[in-house]
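Structure record follows, encoded as structure tokens.
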Amino acid sequence: MGNNVVVLGTQWGDEGKGKIVDLLTERAKYVVRYQGGHNAGHTLVINGEKTVLHLIPSGILRDNVTSIIGNGVVLSPAALMKEMKELEDRGIPVRERLLLSEACPLILDYHVALDVAREKARGAKAIGTTGRGIGPAYEDKVARRGLRVGDLFDKATFAEKLKEVLEYHNFQLVNFYKVEAVDYQKVLDDVMAIADVLTSMVVDVSDLLDQARKRGDFIMFEGAQGTLLDIDHGTYPYVTSSNTTAGGVATGSGIGPRYVDYVLGIIKAYSTRVGAGPFPTELFDDIGEFLCKKGNEFGATTGRRRRTGWLDAVAVRRAVQINSLSGFCLTKLDVLDGLEEVKICVAYRMPDGREVTTTPMAADDWEGIEPIYETMPGWSESTFGVKERSGLPQAALNYIKRIEEVTGVPIDIISTGPDRTETMILRDPFDA
């Protein structure tokens, strides 16, 4: 039996992690975010009511769950307070259910200003960030000049540190990017107004998780974005600024790596990507448009239209390697309903004619890749809301089986709709 389960994306994000975390937290005591920031967009549908979470873990809707934001997360105080208010207005007692690590780096106004200015300066070469200050906040962390939640306990020292770091960043903004400086007093006043709320939720996350583990409590670690956006293993530089892979769980929460029992990879039945970067199976035809519209492929955070394409098993196999996946959860199978045929990319043809079954590491090496497909019959029957494997069309079952064969990983959960009830749990990760 596995007490500690990781849920992460195996593609370029937007795989449907939030719903699955919410579903599985029925048995969890703790849900932990360990990387990313409010650039994530996790959509939950419960009894027809939609909730979109960006920063707060998806376990927050459960009264039996304590939600934790770990040290690997860059935390925007403004975004957190906005999200807390939205939930509290619906009667959810967020402050009773949410805890923070004091080591979370803070995202402040100057990080957002830098993010936006840089993307604008890149012009046609823009990475396609969410413009929410994520990258600049991680830069400050690595440069050891970042402000953290724990700094708010000493407000006078915080003010001094803020003045120093803001002078540094305003020099860049004014002299290099030719934009207005960020006002020191406004940033300070905004943070001080909510400092006590933030510090009241601070705990020693590593110790809390270790004590929970020793008691045998079930813990779930909720990933954001996807494996192929990992800062080290993704399609660099078209990546996010954190480790979205299983390795980020230990460093981003403080739990020991040996205590992770099961890693669940969320895999969409087709591929999507937001922003710039390599995407070998991208479709520019009517099928691509069909997938976008039927799958409602618009970002929960930015509203941007997602690029769509066939399932890329080559890219997913890289995610299997990096994350040592225990099993898959297949999502959005119902979006493929009605297609005469479905395709899986099983290899790449490189510009020099070679066939390869692993992904390149550098973004430039993806140029000119041609996907090699296996084509399978589609199905006309609806899979939407089907809750038993026996209720799926044979062609859909064949597609599922082939995914398992080409990736070497079993599909333990199948999602056939946005509601938590529209799910088949073939093997519960907490029982694996």
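Every residue gets a Cβ built from N, Cα and C, even glycine.
Database features (Swiss-Prot):
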BINDING   13-19, 41-43, R306, 332-334, 415-417  GTP binding site
BINDING   D14, G41  Mg(2+) binding site
BINDING   D14, E15, G16, K17, N39, A40, G41, H42, T130, R144, Q225, T240, R304  IMP binding site
ACT_SITE  D14  active site, proton acceptor
ACT_SITE  H42  active site, proton donor
BINDING   A300, T301, T302, G303, R304, R305, R306  substrate binding site
Ranked by the number of other Cβ atoms within 10 Å of their own Cβ, which of the binding-site residues K19, R305 ranks first? K19
Please name which of the binding-site residues listed here, D14, G16, N39, G41, is nearest in space to R305 (substrate binding site), Cα against Cα. D14
Diameter of the IMP binding set by C-alpha atoms, the set being D14, E15, G16, K17, N39, A40, G41, H42, T130, R144, Q225, T240, R304, in angstrom: 34
Listed in sequence order, the binding-site residues within 10 angstroms (C-alpha to C-alpha) of K19 (GTP binding site) out of G41, G303, R304, R306 are none
Measure from the Cα of H42 (active site, proton donor) to the Cα of every one of the binding-site residues Q225, R304, L333, T416, then give the nearest. Q225
Between G303 (substrate binding site) and N39 (IMP binding site), how far is it from one CA atom to the other, in Å? 12
Name the one residue among T130, Q225, R304, R306 whose Cα is closest in three-dimensional space to that of G16 (GTP binding site); these are the binding-site residues. Q225
Give me the Cα-Cα distance between G41 (Mg(2+) binding site) and R306 (substrate binding site), rounded to a whole Å. 13
Using a Cβ-Cβ cut-off under 8 angstroms and a sequence gap of six or more, which residues of the chain neighbour Q225 (IMP binding site)? G9, W12, G13, G36, N39, A40, T240, S242, T244
Cβ atoms within 10 Å, counted per site: which of G13, G16, G41, G303 has the most, among these binding-site residues? G13
Could you tell me which three-state DSSP class L333 (GTP binding site) falls into? helix
As a test of the contact definition, list every same-chain residue at least 6 positions from T416 (GTP binding site) whose Cβ is closer than 8 Å to its Cβ. L333, D334, T383, F384, G385, V386, K387, E422, T423, M424
